[in-house]
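Participant: My structure is below; once you've seen it, I'll send some questions.
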Amino acid sequence: MAFKFKGVDFIGFDALLSSDELMARDTARQFIEDNLIPIIEECNREGRFPRELIKPMGALGFFGANLEGYGCAGMSNVEYGLVTQEFERGDSGLRSFVSVQSALVMYPIYTFGSDEQKDYWLPQLATGEKLGCFGLTEPDFGSNPGGMRTRAVKSGDEYILNGEKMWITSGTLADVAVIWAKVEDEDGLVRGFLVETDRPGFTAYDVHGKWSLRASVTSGLSLQDVRIPAKNLLPLTGGLKSPLMCLNQARYGISWGAIGAAMSCYDTALQYSLLRKQFREQPIASHQLVQEKLTWMISEITKAQLLALQVGRLKDSGKVGHEHISMAKRNNVWMALECARMARDILGGNGITDDYPIMRHMMNLESVKTYEGTHDIHTLIIGQSVTGVPAY
Amino acid sequence: MKILVCIKQVPQKDAPLKLNAAGTWIHEDVSYEVNEPDAYALEEALRQKEKHGGEVVVLTAGPARAQQVLREALAKGADRAIHLEDEKFVQLDSANTARAIHAAIAQESFDLIVTGLQSDDFGAAQTGVLLAEILGIPHATIIIGIEKTDTGLRLKRELEAGHYQHIETTMPALLTIQSGINKLRYATLIGIKQAKMKPVRKVTWADVESKISPNLQQIVRLYVPEKQKRTEMMEGPAPEVARKVVDYLRTAARVI
Ligand SMILES: Cc1cc2nc3c(=O)[nH]c(=O)nc-3n(C[C@H](O)[C@H](O)[C@H](O)COP(=O)(O)OP(=O)(O)OC[C@H]3O[C@@H](n4cnc5c(N)ncnc54)[C@H](O)[C@@H]3O)c2cc1C
């Protein structure tokens, strides 16, 4: 059976955190331990999103936690990051759901929305009464969203939307979709629209057969002559940089989330290695090759913590650049995936079963490596930042 | 109802403990947490306030680090806090801790005071009881149920071997609460933010020193239990070994 998570802190990292930051983390840690850990393996097996956790998560303030007002908690970015870490320690799927609701739905309404849109949607999204999704990616445009085909045409005081979106987290759960489309009358400028999912012409269907993020809903969206009032346009959006600003929020959260998944894998492998005996009745932790793996993991987790914290501090002081967030997302997801693979190795045969969380994390992290900008796209973003030369 | 909750910060349950050089206490370089039954006492106070209105005040005696337990309580919904802040409070025995708390709340009048049944570190289970004695109010221990009545409180106590006792008391009263009386709530993220705005009154050592006497109780020696594992092999034919085992259990181990 899986081990009780003991937390991971090699260099006294907690001393860098304020008491509010520790409290926010501990609340999330306890919540996940009590409510997600007991059911997550079943959810993953069944491919079931744990809907029953939506209301309790809303009540504790986990949606839009770093926004001010509208019933949101007004957490700092570091506090928000630590909460994200604890969610992904549980499961990347549940963390994805929270990231989408917070960073990709509430954040754009908060940042680009009219007062009417904010007043109507944000309080309900904060409690989880209403759910949202974010439609940027299309079947033919992933890493290059600028090529999107979805179109919005102004017709009187309405917009008519047409297009296909793919790989949309929470698509079939959502009450509202933030849809990114090129506006024909505005030279193809990319803008965001709030599309209620019960509008005629809007359909959503689930992607089946996923071997990753099985506890999260992933959908395709189809918009065929969907008419929405012109006031559903997010007025302050303008160009691709608007959705990219949203992605920056989410990527930042992921850079912490990945640490959580890595901690879960490392902690499991460490505890297992001390119990499992092979050769001369010795625990496998006594072998140098096993120690090397544990050392690698704890070193990388520690470096990742410091990177995420510094990026969070930059974000809180308004000094963060998107390239900083790219580095944290790229590095931390990569190291988490490597940790999952090493941890799986340390558990031997037991590592492949869902008696332990490792294989689930490993499969989840494959998605996390791809979405919100693939590992390689972040390589190119950092590369452009240091050389000044775009290489996409 | 105006309710006071006394909360202690204790070393985390699974923290690896090292003894200090004198062998009288532990090295203080461990992680700390809220004493478990105190968390239930707080939860009970918050529930009573939700039912009957009033105020929940939380109090702790301990060094600066102990403020964390007050912050947590405020984040969960307590209205204000009192911190008797000094390293020296850690080493006080139960009687002196009760005196110090009494001095700190001299200007206040509570309808109900709740504490945990005992602290997970010293385990004396005396502080609450002694505080009631100094205040001259009734107390009841090991409480697992509280119901407000017209005249006071109806209480359920846990006794040994699955027995319960129902009693009634007038208020003001002091109760020591058993773990598991209720289901603990989480601090909400908004609660954590709001906690910052809630008042924390500091009480210094000097403020209460005149009420404190030399400790009546002292820790003379603290030690890790020594391992005494002995294995005795009994050999021979089964009937003979069985007789030897029975004999051993009767005379040496004295378990039958
Ligand atoms: C589970 C899941 C949930 C998702 N949720 C959402 C969501 O809620 N909303 C949303 O809008 N999207 C979502 N996505 C989509 C996600 O953002 C895309 O999958 C991602 O952007 C990559 O796009 P793609 O899959 O089309 O891959 P591609 O863009 O086709 O990339 C394939 C490979 O080519 C590489 N590549 C592409 N271009 C270059 C280049 N110029 N140089 C070098 N290498 C390159 C990539 O790095 C990658 O390795 C989700 C995806 C998944 C898997």
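The backbone N, Cα and C atoms fix where each Cβ goes, glycine too.
Where the annotation comes from TrEMBL, it is an automatic prediction and has not been curated.
Pulled the feature table from TrEMBL, pasting it below:
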- A:19-129: domain 'Acyl-CoA dehydrogenase/oxidase N-terminal' (DOMAIN)
- A:133-226: domain 'Acyl-CoA oxidase/dehydrogenase middle' (DOMAIN)
- A:238-386: domain 'Acyl-CoA dehydrogenase/oxidase C-terminal' (DOMAIN)
Participant: Tally the residues of the domain 'Acyl-CoA oxidase/dehydrogenase middle' (A:133-226) by DSSP class, grouping H, G and I as helix, E and B as strand, and everything else as coil.
Facilitator: 6 helix, 52 strand, 36 coil
Participant: Along the domain 'Acyl-CoA dehydrogenase/oxidase N-terminal' (A:19-129), what average pLDDT does this model show?
Facilitator: 97
Participant: Pull the DSSP breakdown for the domain 'Acyl-CoA dehydrogenase/oxidase C-terminal' (A:238-386) and write it out as helix, strand, coil residue counts.
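Facilitator: Residue counts in helix, strand and coil order: 122 helix, 2 strand, 25 coil.
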Participant: Quick check on the domain 'Acyl-CoA dehydrogenase/oxidase N-terminal' (A:19-129): DSSP residue counts for helix, strand, coil, in that order please.
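Facilitator: Going through the domain 'Acyl-CoA dehydrogenase/oxidase N-terminal' (A:19-129) residue by residue, I get 85 helix, 4 strand, 22 coil.
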